[in-house]
Amino acid sequence: MKMVLSQRQREELNQAIADYLGSNGYSSALEAFRKEADISGEAERKIVGLLEKKWTSVIRLQKKVMELEAKLSEAEKEVIEGAPSRAKRSPGEWIPRPPEKFSLSGHRASITRVIFHPTYSLMLSASEDAVIKIWDFETGEYERSLKGHTSSVQDIAFDSQGKLLASCSADLSIKLWDFQQSYDCVKTMLGHDHNVSSVAFVPAGDYVLSASRDQTIKMWEVATGYCVKTYSGHREWIRMVRVHMDGNIFASCSIDHSIRIWSINSRDCKAELRAHDHTVECIAWAPDISTTHINEAAGSDNKKGHHQGPFLASGSRDKTIRVWDVGVGLCLFVLTGHDNWVRELTFHPGGKYLVSASDDKTIRVWDLRNKRFMKTLYAHQHFCTSVDFHKKLPYVISGSVDNTVKVWECR
């Protein structure tokens, strides 16, 4: 159907075309066009650059329409297939489903990490804007900000009771925050020579581990703030460190393409795991409840015998996720499907699924037993950098380079 422009719209369009021709050096075409369109004088200020702005706006709108169509298609598919309600599914089968419950804005830069508080109905987001924000994930309300770092906050972690929060930053520091009363920074620990990229509590809560671009991992005593151990072995920037639930070992991953398993007490590297073709961005320990599902998946890949674990999942810039039996240093199987870097992994509390966040802007839910993704959430407008699954309640949270934090309900 032919669109009819008003006289005023035609005049503005002609002026915008003339402005575009003139600003891009098409002098002959401009002269001919001005004569044909009967344009005299200079373009109004509001007309300058208008054609380019309109064009880029159309492209953005087309992109948004495509994303909305994908979401609509996903929703229609769920209706047709009769996605069961939460009441008809056991908690072990709840998975996040669109649309998001909340999309939270407030940070002025990319989100680097999102985590749930272990007991309160709170979640935290860390950002490149050097701020940690606290939100109520049930209401979507902003609670407060924790300020103290002077550069990007790279990672955050709670102790097992949620009384202390640890944070680390590109400002080379690790900070401990009182999460019971004051929300104040109670200790600042310095010792790394470069960006501190990851932090994790030992389960007992008396020590904190930090990983850095200086290629070392340090152990800090919570009571004194002193560094009591340094672990060396990686040959490049260490991206993440995560402690096993038993508190005896921990894992680290690096730009050097490797994953290392360490003894907490001895400083010894117990194993080096290699199979990824690029930087290993993230790692996650599998809960004991995942053992059956992982063994069934490994069995179908002809890995003979029952694997005892412990089991670890790793995500890489090579776009793959690998699941390892750390006890024998064996990669049991590979999950493929993401179209860009895998940024973070978290296991479903029921043990049946693994959830991943990626630079392809999606969150994927993986069925471990069948080694395939069963759900894709088109989560953000930009890279999806972080994801966390609540251990008791049906919620997933995600963070992105688009500066937003999203809350997803599971059913």
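A Cβ is built for glycine as well, from the same backbone N, Cα and C atoms used for every other residue.
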Coiled coil range according to Swiss-Prot, out of 56-83, 168-195, 224-251, 364-391: 56-83
Helix, strand and coil residues within the repeat 'WD 2' (149-187) as assigned by DSSP: 0 helix, 21 strand, 18 coil
Ranked first among 106-147, 233-272, 275-334 for CB pairs under 8 angstroms with the repeat 'WD 7' (379-411): 106-147
DSSP residue counts for the repeat 'WD 5' (275-334), split into helix, strand and coil: 12 helix, 23 strand, 25 coil
